[in-house]
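Asks: According to TrEMBL, the feature compositional bias 'Low complexity' maps to B:1-15. The feature domain 'ABC transmembrane type-1' is assigned by TrEMBL to B:91-302. Feature annotation from TrEMBL assigns region 'Disordered' to B:1-26. Annotation comment: TrEMBL describes B:33-51, B:95-116, B:128-148, B:168-186, B:229-249, B:281-301 as transmembrane segment.
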Amino acid sequence: MTTTDHHRTGRARRRPGRAVAAALAAGLALAGCGSAATAADDDRVALTYWMWDANQVPGYQQCATDFEAANPDVLINIEQYGWDDYWTQLTARMVAESAPDVFVDHAQQFGKYASFDQILDVSDRVEESGLDLDRYQPGLVDLWRGADGGLYGLPKDWDAVGLFYNEDLVAEAGLTAEDMGDLEWNPEDGGSFERLLARLTVDANGVRGDEPGFDKDDVAVYGMGYNESGGGFGQVQWASFALSNGWTYADRNPWPTEFAYGDPALAETIGWYRSLIEKGYLPPLAVATSGIGTIESMGSGSYALLIEGAWNARAMSELQGVDIGIAPTPVGPTGERASVYNGLSDAIYSGTPHPDEAWRWVEYLASPACQDVVAEQARVFPALTASSERAIAAFEEIGIDADAFAVHVEDGTGTLPPVTDRWAEIQAVMQPAMDSVLSFQAEPDSLVAADDRVDGLLADD
Amino acid sequence: MAIASSPARPATTRSRPARRGGRDGGGRGDLRAALVFLIPASIGFVVFYLVPAVRGAWFSLTDYSVLAPAEFVGLENYRRLLDDPLFWNAMKVTAYYVLVNIVIQTVVAIALAMLLQRMTRSILVRGMALLPYFVANVVVALVWYFMLDYQIGVVNVLLGKVGVDPQAFFGDPALALPTIALINVWRHMGYTALLLFAGLQTISPQVYEAASLDGASAWRQFRSITLPLLRPVLALVLVVTVTGSFQIFDTVAVTTGGGPVNATRVIYLYIYDLAFAQLDFGYASAMSVVLFAVLLVVALVQLKLTRADESDNA
């Protein structure tokens, strides 16, 4: 369930074992850092920096060390909390007025904190320092614009989703990497993508989904896995299909006034998506949510293909016993591919006693010096265009085809997640609504009623 | 007792006036000493229970969101609660959970207590019944979550060996809640059995001897001797376990998270979600106040029905 929660809000954690190892490594690094601090003079301003991804701590620790060398008056303490506790902890610390001076922020969370004035607006400081916002990948800066037009963070990294597939299973089905990169889908007959899923699905008797005698009730390998219904976001489930079917989340972004869950294009997409469950190419929702995790199921060969985020590319490539290839999401009825294009930022807590030092640190995090260090770690794609390219090269070096994600930036086919301060309430409506549809307890057109409730929430303001 | 004996007191004290002052002084001394001993517990009670409870009741009348000052909204939160289908669903789901959990747990615990009393005198064996209770709730939930996994869980592998199709224990709306209820039966039955076992020890063996001489069957002895004499203990155990059962949260939080389609969205999970994810502390407080009232009524009714303050143990 923990992984499911991650996906629900858009980010996934790596396998716990390695996360723990990284956290231990970070702890050691911090311990070393601490002793250095006592040795140095005590006039240094100590800034606390929070992040949730343990795997990224070593890269940012390097940034902190470099920053401290250039800024002898500042000390950076990196603290890492797992995603599950991160936001609750952060809220509690804001209430206690002792929140971290700088913290990693998520597009779906920032609206809430910005509307409660918990994040510092940095637009004046950006102007003062003459920071060039055009050097970031397109759209990433706008993700952090408040309803009042202020800028509530500097972009840190970006991600997109792709098709992760089991290379052996694809080869056994008689398909090549070229086939995987050249897929299209449509809501009528599913196109070459659905034919691929049929081919990849194998029942307990070894009969493929596109062969006569296929038993859809006794499937050994599902063509595609998924972890849950995706609620109102569907980032690693249905969003790539809906977005390439001409749908988009809301009337405008950021700060939508109406969501589009009642749009027939979404109902059509979801209707097709769940028809794949009926055909046996995808597991039933009960089975999908009952599993320990999609990545583990990929590792055990139960799923042939998975839509996953770039942030899990490294974890997937390190799965034991399976070789994973990555292809871009299929082309849809719009004639283009689509993916949620999400990003993180570094935000400054409005109650920090050291806003100037915090700004220097945030500016450094958003600079080529730090983002290149992060790029070399080949974990995420930094927000700076130049650093992004370095990360793509670093990914290629360890055998991960990062172009599958980068294509969305090049072609402009990424869609930013909806930014609103009511996201938690919207999910509270959309999660059960989408669960009902994908478990066949309700029809796709029931999303219209859910959409009305969501718009009712927004109208409350 | 104090009231009943007080009319007699003046006569006694009058007859021994010399000691009167001393006695009254001693009474005040006792009170003072008692107060001193009561202070630590009272401070704890006031700081950790009374103040938060009163604050919670106040927040239920506001739109409190922790990050912004609370504004008074009257009974708006309670009105909203009446038309909130998720609240009523959560109450229904919780009641269903309590029913499954308590009925099975009580029956199993009584049987286990009888076995502990009759079959063994070994402290080791009796202690083993308690083992599941020593494991943290969250750990128990996670271990079962892995064991009941659809694809790689050992339970489904074993079911497959006897020809039963794999079951999505946590993914199937019909199975998810009973599964969670049974996991908690497994964890709590030993502890509950231990409490009942202590109650069984208080029943005099002579009563059973007399019944045997009269030719009563084992079942008849259980029905006519064990259950009635165990009633005060059973009543207490029920009040404690039912109240605890209503507070189900952790097992759900680490397994289903309230899904599928709200089938396991118990009231505490909903309150937690409203407060800590949606920052709607005012509304969540109103729901907590209602839950408090419901639990109070349930506990009082239980105490009344089971006559917990009386004993049949002559």
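Cβ coordinates come from backbone N, Cα and C, glycine included.
Are these features on the surface or tucked inside, and what are their neighbours?
Replies: Nonlocal intrachain contacts for the transmembrane segment (B:95-116), taken as residues 6+ away from its ends with a CB within less than 8 angstroms of a stretch CB, comprise 125-126, 129, 177-178, 180-182, 184-185, 188-190, 192-194, 196-197, 199-200, 222, 226, 230, 234, 237-238, 241-242, 245-246, 248, 266.
Residues 93, 96-97, 100-101, 104-105, 108, 132, 140-141, 144-145, 148, 150, 153, 155, 245, 248, 251-252, 255-256, 259-261, 263-264 of the same chain lie 6 or more positions beyond the ends of the transmembrane segment (B:168-186) yet place their CB under 8 Å from a CB of it.
Packing against the transmembrane segment (B:229-249) from elsewhere in the chain are residues 94, 97-98, 101-102, 105-106, 109-110, 180, 184, 188, 192, 195-196, 198-200, 202-203, 207, 266-269, 272, 291, 294-295, 298-299, 302-303, 306-313: each is 6 or more residues past its ends and has a CB under 8 Å from a CB in it.
Sequence-distant contacts of the transmembrane segment (B:281-301), counting only residues of its own chain at least 6 positions beyond either end whose CB sits under 8 Å from a CB of the stretch, comprise 53, 56-57, 59-66, 70, 73, 77-78, 80-81, 87, 91, 239, 242-243, 246, 267, 270-272, 274-275.
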